[in-house]
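J.: Encoded as structure tokens, here's the structure I'll be asking about.
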Amino acid sequence: MTMAAPEPFNVLWLQSGGCGGCSMSLLCADTPDFDALLRDAGIRLLWHPALSEATGDALLALLDDCLAGRVRLDALCVEGSLLRGPHGSGRYHLLGGTDRPMLHWVQDLARVARYTVAVGTCATYGGITAGGPNPTDACGLQYEGAVRGGALGADYTSREGWPVINVAGCPTHPDWVIETLMSLAAGLWGPQALDALGRPRFYADHLVHHGCARNEFYEFKASAEKPSDLGCLMEHMGCKGTQAHGDCNMRLWNGTGSCTRGGYACISCTEPGFEAPGHPFHLTPKIAGIPIGLPTDMPKAWFVALASLSKSATPARVRQNAVADHQVVAPAIRKTTLK
Ligand code: SF4
Ligand code: SF4
């Protein structure tokens, strides 16, 4: 007797108010064959605006099939924030050829989807598109900044009873998207899978600081003072890696990189409201010389005491390398055996 092949896990990907960078990031998934990666995990990409040939009537027929239940919609992925303007009509973004706001398409499709996945910080919390005066009235799928609500409403749950799964990041890491879809397809997730902001905990239970190559400089508070310096970027250069949730320095980008490894401060792009921090991204806001944004879980008094102790014990090698663009002093050679 032959066993029937399991039904594929159908994914529909729509884009709204964003830059498309999350799709670009997705294509950097750690595989030489993106199609095979999905196929081997039992995932069928029904449609993606940049990767699919189908367009026009063929796409509209597919959307109708999903809405009517003729095609099972396992995961609705939305990249980009939803534009509710002008005046709540959603007509700043019409789905081509339909004279219908994307906002309404997404609301209808989210009703039939087994899971709804917000891809990137635009789709999760509003992100860059909702920054400044937000003339398009952009919002996330289930959040507006850190406040629940958004395009689908605070009480929305998908057909499987899940809130929107918020794969936050700007752009979001390709592996975060792939691992989310694979986990859903394999039915691996239980009720504890998401954090308090709806992000998958497999990556959001880490901090960007974990695994940062500048950790020795952080320990001794040996700080970079200008772009290209090797030192820790927290004290002067705006780094929020000790507060931002993400495993960027453990699950490297393109196998080798991260913002801090590239010389840029972490700007906490996985957090609601990162787009408007109230200070220049590359400068650390301070009061009386002490950074306002202190490491997560660390009381201010401890940080101040630790920082002053660390600074007084900074080895000359670490202090000199921190303000150079390459290592100028190598570590001393020490005997590491007991004999
Ligand atoms: S989250 Fe960032 S990278 Fe993704 S669509 Fe929005 S602006 Fe672009
Ligand atoms: S640069 Fe940022 S992430 Fe890296 S050690 Fe310093 S504070 Fe942590």
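Glycine too: its Cβ is placed from the backbone N, Cα and C atoms.
Unlike curated records, TrEMBL annotations are generated automatically.
As annotated by TrEMBL, [4Fe-4S] cluster 1 binding site applies to Cys19, Cys22, Cys122, Cys170. Here TrEMBL flags 19-184 as domain 'NADH:ubiquinone oxidoreductase-like 20kDa subunit'. For 206-281, the entry in TrEMBL reads domain 'Cytochrome-c3 hydrogenase C-terminal'. Marked as [4Fe-4S] cluster 2 binding site by TrEMBL: His209, Cys212, Cys232, Cys239. For Cys248, Cys266, Cys269, the entry in TrEMBL reads [3Fe-4S] cluster binding site.
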J.: Centre the Cβ atoms of His209, Cys212, Cys232, Cys239, go out 8 Å, and tell me which other residues of that chain have a Cβ in range of the [4Fe-4S] cluster 2 site.
T.: Val208, Arg214, Asn215, Tyr218, Leu233, Met234, Gly241, Thr242, Thr260, Cys266
J.: Do any residues at least six apart in sequence from Cys248 ([3Fe-4S] cluster binding site), in the same chain, have a Cβ closer than 8 Å to its Cβ, and if so which, in order?
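T.: His173, Val208, Ser258, Cys259, Thr260, Cys266 - these are the non-local Cβ neighbours of Cys248 ([3Fe-4S] cluster binding site), listed in sequence order.
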J.: Select the closest residue to Cys212 ([4Fe-4S] cluster 2 binding site) from the following binding-site residues, measuring between CA atoms: Cys19, Cys22, Cys122.
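T.: That would be Cys22, nearest by Cα distance.
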J.: What are the DSSP helix/strand/coil residue counts across the domain 'Cytochrome-c3 hydrogenase C-terminal' (206-281)?
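T.: Per-class counts: 8 helix, 6 strand, 62 coil.
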J.: Determine, for the [4Fe-4S] cluster 1 site, the additional residues of the same chain whose CB lies within 8 Å of the mean position of the CB atoms of Cys19, Cys22, Cys122, Cys170; present them in sequence order.
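T.: Near the [4Fe-4S] cluster 1 site, the remaining chain residues are Gly18, Gly20, Gly21, Glu79, Gly80, Gly120, Thr121, Ala123, Gly127, Ile128, Thr129, Pro171, Thr172.
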J.: Setting Cys248, Cys266, Cys269 aside, what same-chain residues sit with their Cβ within 8 Å of the center of the Cβ atoms that define the [3Fe-4S] cluster site, listed in sequence order?
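T.: Sorted by sequence, the hits are Gly169, Val208, Lys240, Gly241, Ala244, Gly246, Ser258, Cys259, Thr260, Ile267, Ser268, Thr270.
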J.: Round to the nearest Å and give the CA-to-CA distance linking Cys22 ([4Fe-4S] cluster 1 binding site) with Cys232 ([4Fe-4S] cluster 2 binding site).
T.: 28
J.: To the nearest Å, how far is the Cα of Cys269 ([3Fe-4S] cluster binding site) from the Cα of Cys232 ([4Fe-4S] cluster 2 binding site)?
T.: 19
J.: Based on a Cβ-to-ligand 2 distance below 6 Å, what subset of the binding-site residues Cys22, Cys122, Cys170, His209, Cys248 would you report?
T.: His209
J.: Near Cys170 ([4Fe-4S] cluster 1 binding site), which residues of its own chain have a C-beta under 8 A away, given they sit six or more steps off in sequence?
T.: Gly21, Cys22, Gly120, Thr121, Cys122, Gly127, Ile128, Cys269, Thr270, Phe274, Glu275
J.: Distance between His209 ([4Fe-4S] cluster 2 binding site) and Cys19 ([4Fe-4S] cluster 1 binding site) at the Cα atoms, whole Å?
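T.: If we compare the Cα positions of His209 ([4Fe-4S] cluster 2 binding site) and Cys19 ([4Fe-4S] cluster 1 binding site), the gap is 27 Å.
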